[in-house]
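Chemist: Annotations for this protein, taken from TrEMBL, read as follows:
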type	residues	note
DOMAIN	26-328	domain 'Protein kinase'
BINDING	Lys55	ATP binding site
REGION	361-431	region 'Disordered'
COMPBIAS	368-381	compositional bias 'Basic and acidic residues'
COMPBIAS	384-412	compositional bias 'Polar residues'
COMPBIAS	420-431	compositional bias 'Basic and acidic residues'
Amino acid sequence: MQADNAFIIEHSAPSIPLRAGPDEVYDRVAQVGEGTYGQVFKAKSDKTGITVALKKIRMESERDGFPITALREVKLLQGLKHENVVRLHEMMLSKHSIYMVFEYLQHDLNGILAQPSITFSPAHIKSLAAQLLSGLAYLHKHRILHRDLKCSNLLLNNEGTLKLADFGLARTYVKQTRPSARNKTLDYTNRVVTLWYRAPELLFGETSYDDAIDVWGAGCIFLELFLRKPIFQGMDEIHQVQLLFEILGPVSKDEWPEAERLPWFDLIRPASNDGDGTLIKSHKEHLRNLVGSEEQVPDDALEVALALLTYNPRKRVSAVEGLALSYFTTNSPPAEKPAALLQAVQGEWHEFESRKARRDAAAQALQDHVHREKEQQRIRSEIGQPQMSDKVTITPSTQEPVQDTTMSSIATPTMIIDEALQRKEEREASA
């Protein structure tokens, strides 16, 4: 669509340095990410000792030219400078690849939340949520939509600073000013944002949208900080809408009258939303049923979630308005960056490392199982199979279980194998 090819940034944008030969400047330490774009490596400069993230852009063929997602990212990031937005240092070229050189952060939010030993306090959650909204407020001030908010795209360093990353789907946009009007001159793609974080207007086919879609994603992430799992885990668009209505309650005609005019509303709305639009329970009551007690999610935090997860995008708070809510401004506890917690973490955790750790653990469990099976087979072959039956029967007179054999005092094959394995493990442990 024509509007999606616009990359105008109206504020002054310095150019990003471009030079050749990343391998002449940086030593690659480890791979820390992978996606449709290519790979991300942790790398360190020989001369300066500075650690960076090298994002290698996959080039399928030279005639493909510069990938559109990388072009978007470069054009947008070259003009951005904010504490909560990842910094692009330079571009580098090799014979067959293009590299984007970013500042390096030790973790992403997905990787951290996947570690059961790491628990954020209420003050930590407030700080991370405030940083997320602060970064969004900066982007939206410069009329930039992120369009792919999710935990793996939120980076964390060991000082507890959160930064928005991965601007491959980002674009500039026109802010809609009239509260109830759709700007029909705008025509953006609605096939953006990972499904679990996708705003309802996108699910219903809206192509004339603005920064409210990012705010919805921030609301999903905010609750994920408390629950440690995504709140809306739909399998497809229809199931996703069904989950929204189950968890938040159905949308009423009074709160979002424009919804039924969206292209896909009649196609994917759940049958439970076919009534007169009157809410039997409030959205707060629905959400409280899911998140549990106030001890788990405080009431003022729930109010923030509801403000960010308002169905009607025109009534949804902006990032700036979200930061002005009492949860952030006056209520206890005060926000505190999770610096001490993250500095004590063993290792560096991005989504890539967390997935690899889970795969490795599963592979090790399978290997251990196979090894044990082989040991059992070997021991069986060494000791032979005793000629006995392990079948248990019930005698008519006493109804007590007895062995159906005259060799009841002899150990069964399973007992012999288990004892042999136990002795073997004890020898290995004492060695």
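Glycine residues also receive a Cβ, built from the backbone N, Cα and C atoms like all the rest.
Quick caveat, the model's predicted, so the values are computed rather than measured.
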Chemist: Count up the helix, strand and coil residues in the compositional bias 'Basic and acidic residues' (368-381) according to DSSP, in that order.
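Modeler: Secondary-structure composition of the compositional bias 'Basic and acidic residues' (368-381): 14 helix, 0 strand, 0 coil.
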Chemist: Using all protein chains in view, find how many other C-beta atoms are within 10 Å of the C-beta of Lys55 (ATP binding site).
Modeler: 24
Chemist: Going by DSSP, is Lys55 (ATP binding site) sitting in a helix, a strand, or coil?
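Modeler: Looking at the DSSP assignment, Lys55 (ATP binding site) belongs to a strand.
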